[in-house]
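Asks: This structure is in structure tokens; I'll ask about it shortly.
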Amino acid sequence: MTSNFSQATLQLCYENVNASCIKTPYSPGLRVLLYMVFGFGAVLAVCGNLLVVISVLHFKQLHSPANFLIASLASADFLVGISVMPFSMVRSIESCWYFGDTFCSLHSCCDVAFCYSSALHLCFISVDRYIAVTDPLVYPTKFTVSVSGICISISWILPLVYSSAVFYTGISAMGIENLVSALNCVGGCQVVVNQDWVLISFLLFFIPTLVMIILYSKIFLVAKQQAVKIETSVSGSKGESSLESHKARVAKRERKAAKTLGVTVLAFIVSWLPYTIDTLIDAFMGFITPAYVYEFCCWSAYYNSAMNPLIYAFFYPWFRKAMKLILSGKILKGHSSTTSLFSE
């Protein structure tokens, strides 16, 4: 009875194609809900990160090496939102890939490249914040625009090379050809790689994450020591010198920036950890993860691209002010690029 029921309700991605994948659709109500949730994430990733990029590039007050890194990170998240999430949304909800094999490879390549680019950007931002907090007065001479440019280049080139190697050379499927052949069907876009490449993928997540955790642990330790030192010097001497006052203001500003970006790093780790663990389990235990669990892990990672602008809006008054100027159209006025965005 069960087999007859399954056969009667069996749906295919392409009804008239022999090698079509099996379609496992959700109920109409759940599909509408999922389209709303996933679509909202894509729109937020596109619009929010576009606002970040425009803010940094337009307002001269934001032209700094650290902010250029943030703008480049926002560019990667923007590309995830516009070129990855909409198509993944259809695949996740319809359980079929309707965009062809060629675009499947390109989409998968972009998916991996842009997401790992975000990880490397955050790693370099952690290095930037570490230098800024531990040595704020010397920081401008250490982390220059050229250094920022090198970090940005590495953050884009390495993920693009890695993802191209995975999806366009075929070496990632060596040793699992039978599995790839068994999973191959019309209307599918499965990413299957061997254990060696899964380990490389894990290291691409683990190493930057470990660097971030170590650096931010040191950052908050140093920040705490600085806060105690400043409080002691202020309470011990009412006639604080202008140099000490300047040091205190600079240190306070850098600590605040480090705190905000620390929240960004934490959001990245929480978002990406489920997907990373899931890929390891699948690679070494025979792809035992249910489809809905895998999709949840994927979208947890995707949604990270939409989180960063919300974090900036919550913690950065200058971003809220820049956002208002952009949305109101005031940036189209002359000399708007010289508008002061900081209260101090």
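Quick reminder: no glycine exception, Cβ is built from N, Cα and C everywhere.
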Asks: According to Swiss-Prot, which candidate among C185, C189, C297, C298 shares a disulfide with C21?
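Replies: In Swiss-Prot, C21 forms its disulfide bond with C185.
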Asks: I'm curious whether P25 and T134 share a membrane side according to Swiss-Prot, where sharing means carrying the same topological domain name.
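Replies: Different domain labels for P25 and T134.
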Asks: Mind checking which residues of the chain, 6+ beyond the ends of the transmembrane segment (296-319), have their Cβ under 8 Å from one of its Cβ atoms?
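Replies: 38, 41-42, 44-45, 48-49, 51-52, 55, 61-62, 70, 73-74, 76-78, 80-81, 84-85, 88, 92, 115, 118, 256, 259-260, 263-264, 267-268, 271-272, 274-275, 277-278, 341-343.
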Asks: Taking the transmembrane segment (68-88) as reference, which of 103-127, 147-167, 197-217, 261-281 has the most Cβ pairs under 8 angstroms?
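Replies: The stretch I would name here is 103-127.
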Asks: Name, in the order they occur in the sequence, the residues of the same chain whose CB lies under 8 A from the CB of C189 (disulfide bond) and which sit 6 or more residues away.
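Replies: Spatial neighbours, sequence-distant, of C189 (disulfide bond): R91, W97, F99, C104, H107, S108.
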Asks: For the recorded positions listed here (N18, C21, C96, C185), which one has the lowest count of neighbouring CB atoms within 10 Å of its own CB?
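Replies: Checked N18, C21, C96, C185; of these recorded positions, fewest Cβ neighbours within 10 Å: N18.
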